[in-house]
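*Asks:* As annotated by TrEMBL, transmembrane segment applies to 21-40, 52-74, 81-99, 105-126, 138-159, 214-235, 298-318, 340-358, 370-389, 429-451, 457-480. The region 'Disordered' feature in TrEMBL is assigned to 489-510.
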Amino acid sequence: MWWDERVSARFRRNLQPTLTYWSVFFSFGLCIAFLGPTLLDLRCQTQSSLSQITWVFFSQQFCLLLGSCLGGVFKRTLAQSLFALFASSLAISLVFAIIPLCHNVVVLAVVMAVAGLAMGCIDTISNMQLVKIYQKDSAIFLQALHFFVGFGALLSPLIADPFLSDTNCILSNSTANASSNLPHIRKSLVPHHPGNLSHYDLPMKGMVVTRVSYAFWIMALINLPVPIAVFFLLYKERMVPCFNGSSHPLLSADELAMETRPGDKDELSPPVQRAQAAGGHDDFFSCCQSKNFRGASYTYFAVHITGALVLFMTDGIVGEYSGFVYSYAVEEPLSVVHKVAGYLPSLFWGFITLGRLISIPVSYCMKPATMVFINVVGVLITFLLLLIFSSSVVFLFVGTASLGLFLSSTFPSMLAYTEDILQYQGCATTVLVTGAGIGEMVLQLLVGSIIHDRGSYSFLVCGMIFGCLAFTFYALLVFFHRMYPKPSPELDDASPAKAAVGDDTGQYQR
């Protein structure tokens, strides 16, 4: 087997919570990718202009970032985390069910803002809880967690596709002229970015003939087992009202021997144990409190900042590449046929999903730092080759697949690496999730304005620059890792820089 018996025993012990967190991330992926292909039908449903409906993208992305910052608030107890996940996953099902009833673009934007908040909470809490459970063994389980995002992101467009309108879904006198632009516009509306649609003229008044409501109701039903799974976990832990007694599962004799064998866990002194109870993963606002900075070395801050900057760049590349690769392909000199170019975003997300699946066994055999190094170097080489062979359509498809593979495991690997440096005591999870969300939002806007001013070729140049910056920040992270103080019981109890030994029993903590 590609993992040892100790990890296997820990996984069996935490099977239900682990599967629950994975399923909740499936909800995240299901919700993140449906908006692009369905946006034209939603425009018809709300009878709004293209410029108005694209604000729905912004409301979702902005609130996703806000939810990521707020998600850490619910981490203080297991009950708070699970109730937040239950509410968030249930909210996503309700959003899918309510979207067909939104006939006003402002109402739709508000509903998508709620979905964004739910997605942000899911993102932060699920990552935090898995890191808490598995700690130094968390890399493999984080890889699996992010595989489910890609799986959900692939599934939702496939569900929506049979129900999308082939012609304009608002019938009026100008429908015949507008319908010829529809395939090009729809392929421009890829996940995360609406593209530049101001020069397209589509009718706003008339009879609505869209069938996209069925797609949303199907997705609501598909997502419904997720909040049910979270509810069952709450019930098992006796956190549901009227069933709030303590119910900690016991280790078997064999598992207890595996978990407590010599060398896996050092004897902790009382001050270290007290620091363990007080330390850990704070929410974004708690991380910014001055009391958390007392006695911290500069390397403590440097590890957080450089780790977040790496993800700022790499997640930004994911957003800008998936958002603009179609527009780049259909422009000169490539001039790819619109229907063929439409496969590029799907190819990119498909290989991200495949890469995350491959990374699950690989992460057990390879250190997170090595995986991040391979990722950032692979991104650099891929962009360099895309620039060299910029006139080759074949290599554009090969490069898109390669870029998806190299970017796929960057986030979970960086999270595992940074948390390991800090001995699971800093604010790494919150800071990294927030940095990745900001990068995905900001770099899309930046690249969009640059492409508008400098042309489509600047799309690859920007990607190369971001890749170089990601590699530079990674090198700085490795440098600060070497300078970061090793765990020592003599460190001040109140110092967040103290690398206390984490709870490595693998027990599911309340």
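Note that Cβ sites are derived from N, Cα and C of the backbone, with glycine treated the same way.
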*Asks:* For the transmembrane segment (457-480) against the transmembrane segment (138-159), do we get 3 or more Cβ-Cβ pairs below 8 Å once near-sequence pairs (under 6 apart) are dropped?
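*Replies:* No, the transmembrane segment (457-480) and the transmembrane segment (138-159) are not in contact.
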*Asks:* Can you tell me which recorded stretch out of 21-40, 52-74, 105-126, 138-159 has the most Cβ pairs within less than 8 Å of the transmembrane segment (214-235)?
*Replies:* 21-40
*Asks:* Near the transmembrane segment (340-358), which residues from the same chain, at least 6 beyond its ends, have a CB less than 8 A from one of its CBs?
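*Replies:* Answer is 33, 143-144, 146-147, 149-151, 153-154, 157, 187, 190-191, 318, 321-322, 325-326, 329-330, 396-397, 400-409, 412.
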*Asks:* With pairs 6 or more apart in sequence, are the transmembrane segment (81-99) and the transmembrane segment (429-451) linked by at least 3 Cβ pairs under 8 Å?
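*Replies:* No, the transmembrane segment (81-99) and the transmembrane segment (429-451) are not in contact.
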*Asks:* Please work out whether the transmembrane segment (52-74) lies in contact with the transmembrane segment (429-451), by counting C-beta pairs under 8 angstroms that are 6 or more apart in sequence and asking whether there are at least 3.
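*Replies:* Between the transmembrane segment (429-451) and the transmembrane segment (52-74), which are separate recorded stretches, there is contact, as judged by 3 or more close Cβ pairs.
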*Asks:* Using a Cβ cut-off under 8 Å, which residues of the same chain at least 6 positions beyond either end of the transmembrane segment (298-318) come close to it?
*Replies:* 352, 372, 375-376, 379, 403, 407, 410-411, 414, 417-418, 421-422, 426-428, 431-432, 434-440, 442-444, 463, 466-467, 469-470, 473-474, 476-477, 480-481, 483-485, 496-497
*Asks:* Using Cβ distances below 8 Å and needing 3 or more such pairs, separated by at least 6 in sequence, tell me whether the transmembrane segment (429-451) contacts the transmembrane segment (105-126).
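*Replies:* Answer yes, regions in contact.
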